[in-house]
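Asker: For reference, the structure I am asking about is given below.
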């Protein structure tokens, strides 16, 4: 039976040449119809010149630029941001000696819809060849890779504040640093959760859901600079309050204000015990990412330029002198006279 089947298959006639040619020349789905093709042949493609960058975009791309919440005056002076999420990375890059230019911005200018983001320096003026922006979730990795590449290539480090911590870093061996980080990995995650949840929750409620603080801080610093339209300001205010409430309700079905503040007080107490008599956390001689994370909240709460009406969080923080000294040490040692770069005119807005 198998042989008979094979024999029959060999006796099948082959398709004629005309049919094969017809199949090869038959229209395909992806081919452009002749009428459409002739129409476009009459209108050749015209390439327009590239649009210019926005007026406020940095023309000198030789510098790294960090886009953060700050005022125009604060950006010019390099003052600390009034937003904890931005201040964390602003301080961290300063600690690591990365030279950058702060840019006053808002969430609408961010590729990810949130600040901060970093635009690394570029040697080309062609926008198509410019480097891609780096979101906050990748800034630490970018800084680490930049430092490693600098050490491998032997190129001189960034100017700016690099000289300030060079003599300190020279006194701490790489082995000592790695041992300290390895022994504190578990503690690091535990204490970081205090910042990301307990302290952040209390901060969100105090800033966005407390009417006095919303009127004295959020409106002049976040809402009014974004738009001059009254209806748009009302809508944006509602969005900010709703977003804060949604974040708090993720932790609990209801918002218990007193419990939120008590948890924040316990978090401050735990951080105070962790810091102890050291100048910086984990006994490091140079502040690191955790110091920047703590400073991001303590400075915003203690900043005299911010018109806090409801001072419950500030009063709770001031009970721990070493945390206050930690904030002052960073301000004086790493921001200097630029720490008070915001104009007090926002209080009148």
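Just so you know, glycine gets a Cβ as well, placed from its N, Cα and C.
As annotated in TrEMBL:
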COMPBIAS  1-14  compositional bias 'Basic and acidic residues'
COMPBIAS  146-167  compositional bias 'Basic and acidic residues'
DOMAIN    84-151  domain 'Thioredoxin-like fold'
DOMAIN    265-329  domain 'Metaxin glutathione S-transferase'
REGION    1-31  region 'Disordered'
REGION    146-182  region 'Disordered'
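Each of these features: where is it, how hidden is it, and who are its neighbours?
Answerer: When DSSP labels each residue, the domain 'Metaxin glutathione S-transferase' (265-329) comes out as 43 helix, 0 strand, 22 coil, counted as helix, strand and coil in that order.
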Asker: Under the DSSP assignment, what numbers of helix, strand and coil residues are found in the domain 'Thioredoxin-like fold' (84-151)?
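Answerer: Helix, strand, coil within the domain 'Thioredoxin-like fold' (84-151): 34 helix, 10 strand, 24 coil.
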